[in-house]
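This report concerns only the one structure given below.
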Amino acid sequence: MLMATVSPARREPTPQAVRASPMPSAAAALVRRGGGGSGGTVLGKYELGRVLGQGSFAKVYQARHLETDECVAIKVLDKEKAVKGGMVHLVKREINVLRRVRHPNIVQLFEVMASKTKIYFVMEYVRGGELFSRVSKGRLREDTARRYFQQLVSAVDFCHARGVFHRDLKPENLLVDENGDLKVSDFGLAAGPDQFDPDGLLHTFCGTPAYVAPEVLRRRGYDGAKADIWSCGVILFALMAGYLPFHDHNIMVLYRKIYNGEFRCPRWFSKDFTRLITRLLDANPKTRITVPEIIESDWFKKGYKPVKFYIEDDKLYNLSDDVLNLEPADPVPPPLGLAPPVPPPPQGDDPDGSGSESDSSVVSCPATLSTGESQRVRGSLPRPASLNAFDIISFSKGFNLSGLFEERGNEIRFVSGEPMSDIVKKLEEIAKVKSFTVRRKDWRVSIEGTREGVKGPLTIGAEIFELTPSLVVVEVKRKAGDNEEYEDFCNMELKPGMQHLVHQMLPAPNGTPVSEKVERSSSLQAPLTLKLIGTEGSMS
């Protein structure tokens, strides 16, 4: 694993410029170095390209997914070296940490693969380079520095709410993508919720000297959140000044300055900024500013827009980029990306107009969800996976679909005989109770919370499948967020609100049991997918 550790031999940056630490970290190597060549393929899934960086235990390659052509970064770790170097527990910890922190301003871990000799971290490829390379050329404009700092605080706050503390925040570990958005990387030294001592503090002495907090130097235990906030303050000072607040070639003198909080603000710092940076670099962790106080500070609030996102099918989507605002309508319009309903075939009648057909390139929305207006068609859009009849039957014990309202872990499924439009409207009504707003894109209808939280969004996915012309299956899943919060939502809001829509068994006209009718159903219509997205507090 590529890591940066505290070492007395490390040369510190001078006040004239911010310099990179001599030992590249894992994430810093993602974009800094070039060179190398093709490395073949990885387990038949990725084609390796040039080497982006390397360290004692790993190399980082640019790579291409063979099926999707997506560009990724793959960190390749040598198993033998990791074992001999005692790094196995750190590798496992990094994997666990990265799976807990899915955020637009954090480099994503897509998957982890392994062979007999190698471990492969497939990660988001960030094209813009390190933030360090930008600040090393001189101080940034105030609005640019503020935007980076806002994104940094958003990511760090998200990590802290999930019990993750980075402990090595520095410009080398902050990447900037092609859109100018900041990405926090390299969680090799991060601490998880299982690493606290009985006193509730962290005791590992780690980090990079110029960015380490005074309480870490005291070696008496420290609050990981407070230590990260200090590092954020050092980074912000460097962005605005063009040099570090604490600097000296003598490591012990440097530590003394940090310990005592000895720094000076240049004359071009505004009063609001000086007030903020002074509180960020407060040597006393007990009086140091907290994240909520940072967000409420005058300097920080200018132009600040909280990040809102959701996770679907293990992929992260930023609502500000991917979701369109739509006013609620009655009847509910079809999701964008679907064709207008196809008329039923002449040889049969469709009782409720929901039995539309589709071909391989056009997906049709049931008529009960249509306003009659044409929608744009995207032939390249992948068709959602449909459940078959046997999947639906297996939802219920004893193959009985009567009054089905079944829970399986984080999933709830029930059968309804009501029109899909009524189900959608009821979901919208329930969402309003939680102050959610409805948004729609492609096959997704997103319901987004308006209250900002500290532990990320509660994400609930609801899919409606057409089972027969008169029956639908509604499947609700927790995609992300705190499980207890999800259960409260289901028990207090979802179940009571949807109970009257649950199907009651009625005798079939020809005496055939409903379960047998379902078995003979050839296929299910493409589902309408709804996302309930919140930004509730205290979620993990």
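All positions are counted from 1 along the displayed chain.
The backbone N, Cα and C atoms fix where each Cβ goes, glycine too.
Feature region 'Disordered', per Swiss-Prot, maps to range 1-23 of the set 1-23, 254-276, 461-483, 484-506. When K45, K75 are compared with the ATP site residues L52, G53, Q54, G55, S56, F57, A58, K59, V60 in Swiss-Prot, the one appearing in that site is K75. You'll find the Cα of V60 (ATP binding site) roughly 19 Å from the Cα of D168 (active site, proton acceptor). Annotation for the binding-site residues Q54, S56: lowest Cβ count within 10 Å of the residue's own Cβ, S56. Each residue contributes its Cα atom, and for A58 (ATP binding site) and D168 (active site, proton acceptor) those atoms are 19 Å apart. Within 10 Å of the C-beta of A58 (ATP binding site) we count 26 further C-beta atoms, all protein chains included.
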